[in-house]
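The structure appears below as structure tokens.
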Number of protein chains: 2
Amino acid sequence: MSRKQMVRPGGRSARVQASVHSAVRELLAEVGRDALTVPMVAQRAEVTPSTIYRRWGDLTELLSDVAVERLRPEGEPEDHGDLRADLTAWAEQFLDEMGSGSGRAYIRDALLGDPDGGNAGRCSAYAAEQIDTILSRASGRGENTPALEETMDGIVAPIMYRILFRPAGLETAYARRLVADLLDAYEESAR
Amino acid sequence: MSRKQMVRPGGRSARVQASVHSAVRELLAEVGRDALTVPMVAQRAEVTPSTIYRRWGDLTELLSDVAVERLRPEGEPEDHGDLRADLTAWAEQFLDEMGSGSGRAYIRDALLGDPDGGNAGRCSAYAAEQIDTILSRASGRGENTPALEETMDGIVAPIMYRILFRPAGLETAYARRLVADLLDAYEESAR
């Protein structure tokens, strides 16, 4: 079970997490990842290093935690009035954000310091929630939609796979094509 | 450019790589990843630590290199006489191997110590070569086949995405379904 679930909002534990996370974000910007150390973070966050080791285990787990927070979507996906437009806009933005230099760094951090896989699961859950919102909205309009898992496999998985394993020449057009292929195949099969 | 490309087969450099790689594999089995250190590997491989730092940079890059070697397919994909059978057997084996405890550990190692993305690219190239062999074999039999990239997106990407981000409940039936969905949609569109 991930440490985050032990955090009581508003409690001391939540305040410590907030100050440690912002100390990491500040120091990443100031000194960079390679120079970052737990004592440095502890000093900036005004906690003891042992507080950090106790809660996060080590620096890579702390960086993973901070990365997942940065990968959390900022709001609901935009509503463009139909499923194809909504998914296309979302997939383009997802590829641009995740495929950017900082996006890749956060994904790597999230995966690396993640012994129990909980942080990687949170990244995936963020994408699933956004797509679920888009699909539910479309059903609400009376549109037929592919299933959530099918959409994750058809759009999210290929984008993340390429970002991690084959980043060369990854372009927004790729996201558009994935959405078109998924929906064309779905409509074909629904006929 | 990755260090591996500077290795001349049979030369001293190749002998050093071979002995360092086998030292790492032995020590991973004996003492485990957490206890592993560069001096420990150097002593076992009978090279100086500086030789290792010079060639691999650090332990995570060395582990990444060793992991990619372990992820290299051992031979050609089996020939079951038709595309659907070949892809299904390959995808089932790929999921079983990559999704196993050691498979996941190697994939993580390969991704982590991989600043230039070369090792992740090699993992992906291994899968692409195997699938290309299966597709070419099918074309040779006169079967129509989806494109290589389409097949990577439809089978390899979802399997690797789930292994890294949503490993819970990942079963062989999932690999079979991905192959069936890809080929059904392809045949549908080819009509």
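Backbone N, Cα and C atoms are what each Cβ position is placed from, and that goes for glycine too.
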Of B:17-36, B:37-56, B:117-136, the range TrEMBL labels DNA-binding region: B:37-56
Segment confidence, the domain 'HTH tetR-type' (B:14-74), expressed as mean pLDDT: 92
DSSP-assigned states of the DNA-binding region (B:37-56) in counts, ordered helix, strand, coil: 16 helix, 0 strand, 4 coil
